[in-house]
Amino acid sequence: MTNPISQAAGALSQDELKTLVGQAALQYVAPGEIVGVGTGSTVNKFIDALASIRHLIKGAVSSSEASTLRLKALGIPVFDANEVAELSVYIDGADEIDGHGNMIKGGGAALTREKIVAALANQFVCIADESKLVQTLGRYPLPVEIIPMAAQRITQQFAALGGRAQVRLKGDQPLVTDNGQILLDVTGLQISDPLAFETLVSQWPGVVTVGVFAYQKAQVCLLGTARGVKTLTF
């Protein structure tokens, strides 16, 4: 169901829409809690907004080194995931989200830690602009974190599904994740059953994390649109 928040957006830029949903996410942060914080440009807007209420919360669990640095720079304490039994909420963006709350994530290369923090949370609130809402996942290249020695085999397995996998580069070298592994970006997929797809790929030897979030899907999405922020619930 949808519940538009009455906040006119006018002709806002994509960056301004990100700011809008980042600020709107504060309504899901309870005083005295430790907040799960994702990674990416939209989440950066949430972190900036979170700084305005840092005196009301205990701190955050972060899904990446980049988010940790930003949180600490703004005076927000950061806890290790192993110090926290559970979180009331996890706030993160998405590269794609469908009408059931399933997502593709990992454009910021933090998908493994994002799944770990999401699994600790009782509620996943996705913040995104309306360009990320799709009918079927797969238009955005699917990130998959893998152990390097498995790259050739996993590339072949994706080819059998109609996908084309390429190692993500940073400059002329493979990008290395915060976990010391590499990423494949897979194009040409139409993921009509995200839960089954996540189950299948997660079983392949050498896969650390696949960027389909169906087991850890969103319960809420704050979607920035030309008409304001829409709240989607799943």
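Quick reminder: no glycine exception, Cβ is built from N, Cα and C everywhere.
What Swiss-Prot records for the substrate site is Thr39, Gly40, Ser41, Thr42, Asp92, Gly93, Ala94, Asp95, Lys105, Gly106, Gly107, Gly108, and among Lys132, Lys170, Lys217 the residue it adds there is Lys132. For Glu114 (active site, proton acceptor), the nearest of the binding-site residues by C-alpha distance turns out to be Asp92; the candidates were Ser41, Asp92, Ala94. Proximity of Ala94 (substrate binding site) to non-local residues of its own chain (separation of 6 or more, Cβ distance below 8 Å) is seen for Met103, Ile104, Lys105, Cys126, Ala128, Lys132, Phe213, Ala218, Cys221, given in sequence order. Listed in chain order, the residues near the substrate site other than Thr39, Gly40, Ser41, Thr42, Asp92, Gly93, Ala94, Asp95, Lys105, Gly106, Gly107, Gly108, Lys132 are Gly38, Val43, Ala128, each with its Cβ within 8 Å of the site Cβ centroid.
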